[in-house]
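Asker: Here you go, one structure.
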Amino acid sequence: MISHYIRFKIMTNILLSPEKSENDQELPIRPSYLQEFVGQQQIKENLSVFIKAAKSRNEHLDHTLFYGPPGLGKTTLAKIISNEIGGNFKSTSGPAILKVADLAAILTNLERNDVLFIDEIHRLNTAVEEVLYPAMEDFELDIIIGEGSAARSVKITLPKFTLIGATTRLGLLSNPLRDRFGIPMRLNFYNTEELKKVLNRASKLLDIDLTDSGSEEIAKRSRGTPRIALRLLRRIRDFAAVDGKSRVDKEISDFGLNRLEVDRIGLDSNDYRYLKFIADNYNGGPVGIETIAAALSEQRDALEETIEPYLIQIGLLQRTPRGRVITIAAFEHLKMPVPNQSHHQFNIFNEHE
């Protein structure tokens, strides 16, 4: 048993290493509590109710699932929940939990009211999922110790913890796992005013002199995504500094965004490659996602998670049973002639490779 315990501790140190963001500068501007979090108003209000109710009953918060496009605050909300309920925050990801022993190492090191955050939870393998079910429902862990005739089952009682899962691909989550989350919440794209609030808050924390017009210009071109807005703010600050400007206004924001190849509605060079490929080679589509991925030398997951959601959101792309189709609005935005409408609609129902 001691050797197994040591092995569990070693694996825990690897799997639950402190989470690092894409940019360490993001850490000081992450909100720590719900009242500091901008946007997702209904989610915030509901979470506040659920957290207060759980604390009043001296119970753990029910397991929570955040889903939606990347960059909208799933990880941040998980950390906020941990702060609000006063538990430790432990973070890992679906791909990092390869074996049942990996999961056991994590679960046996949790304490009461801890928050276990699993990013990309849709990528857990089936064997790990099956061990997770009783841990979520009954707070028990069944593991096999030993091999062959010496093998025996050991049941370990776990403390009452809260599992928070995050995924950009809800459809890839198995039904049994999805049904075990008592609080499923979808995060939606931000509007311009919400992004301006995110930018204004960040500019104060980063000591950036950001004007209202500069904030609006960045917000309008940030794809409805706070993570992108904050990244663009930092890069435009660089352009302003090198250009000898003390403040970030609309002029320097527009200049910087153009240099970064971000157009007036937030499309970048990758979006243009995607749209032009379908327009030039398939007359607007339909075309299969695997064909697009191969032609652009991109992973299918990258296209489905980072490029397509925003294009669909703003009405430039449609997913059909036959494949991807770009809309008339997309042709107009590309300043390309719109194909014959009847022919374009007819093609949607004919198979293309």
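Numbers here mean position along the shown chain, with the first residue as 1.
Every residue, even glycine, has its Cβ placed from backbone N, Cα and C.
Just lifted these from Swiss-Prot, have a look:
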BINDING   ILE29, ARG30, GLY71, LYS74, THR75, THR76, GLU137, ASP138, PHE139, ARG180, TYR190, ARG227  ATP binding site
BINDING   THR75  Mg(2+) binding site
BINDING   ARG300, ARG319, ARG324  DNA binding site
REGION    4-190  region 'Large ATPase domain (RuvB-L)'
REGION    191-261  region 'Small ATPAse domain (RuvB-S)'
REGION    264-353  region 'Head domain (RuvB-H)'
Asker: Reduce the DSSP letter at GLU137 (ATP binding site) to three states and note it down.
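Answerer: Once the DSSP labels are grouped into three classes, GLU137 (ATP binding site) ends up as helix.
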Asker: Would you mind reading off the Cα separation of ILE29 (ATP binding site) from ARG300 (DNA binding site), to the nearest angstrom?
Answerer: 32
Asker: Which one is it: of the binding-site residues GLY71, GLU137, TYR190, whose Cα lies the shortest distance from the Cα of ARG300 (DNA binding site)?
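Answerer: Sorting the binding-site residues by distance from ARG300 (DNA binding site), the top entry is GLY71.
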Asker: If you count other C-beta atoms within 10 angstroms, which of the binding-site residues ARG300, ARG319, ARG324 is the most crowded?
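Answerer: By the 10 Å Cβ neighbour count, ARG324 comes out on top.
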Asker: Where the distance is taken from Cα to Cα, which of the binding-site residues GLU137, PHE139, TYR190 turns out closest to ARG319 (DNA binding site)?
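Answerer: Closest candidate to ARG319 (DNA binding site), judged by Cα separation, is TYR190.
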Asker: Measure from the CA atom of TYR190 (ATP binding site) to the CA atom of ARG324 (DNA binding site) and give the result in Å, rounded to a whole number.
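Answerer: About 25 Å separates the two Cα atoms.
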Asker: Taking the Cβ of GLU137 (ATP binding site) as the centre, count every other Cβ atom within 10 Å, in any protein chain shown.
Answerer: 10
Asker: Other than ARG300, ARG319, ARG324, which residues of the same chain sit close to DNA? List them in sequence order, counting a residue when its Cβ is within 8 Å of the Cβ centroid of the site.
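Answerer: For the DNA site, the extra neighbours are GLY288, ILE289, ILE292, LEU303, GLU304, GLU308, GLY323.
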Asker: Out of PHE139, TYR190, which has the highest number of nearby Cβ atoms, where nearby means within 10 Å of its Cβ, if these are the binding-site residues?
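Answerer: In terms of Cβ crowding, the pick is TYR190.
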Asker: What does DSSP give as the helix, strand and coil breakdown of the region 'Head domain (RuvB-H)' (264-353)?
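Answerer: Reading the DSSP string over the region 'Head domain (RuvB-H)' (264-353) gives 50 helix, 9 strand, 31 coil.
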Asker: Tell me the residue counts in helix, strand and coil for the region 'Small ATPAse domain (RuvB-S)' (191-261), as DSSP assigns them.
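Answerer: Counts, helix then strand then coil: 50 helix, 2 strand, 19 coil.
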Asker: Using all protein chains in view, find how many other C-beta atoms are within 10 Å of the C-beta of GLY71 (ATP binding site).
Answerer: 23
Asker: Counting across all protein chains present, how many other Cβ atoms fall within 10 Å of the Cβ of THR75 (ATP binding site)?
Answerer: 21
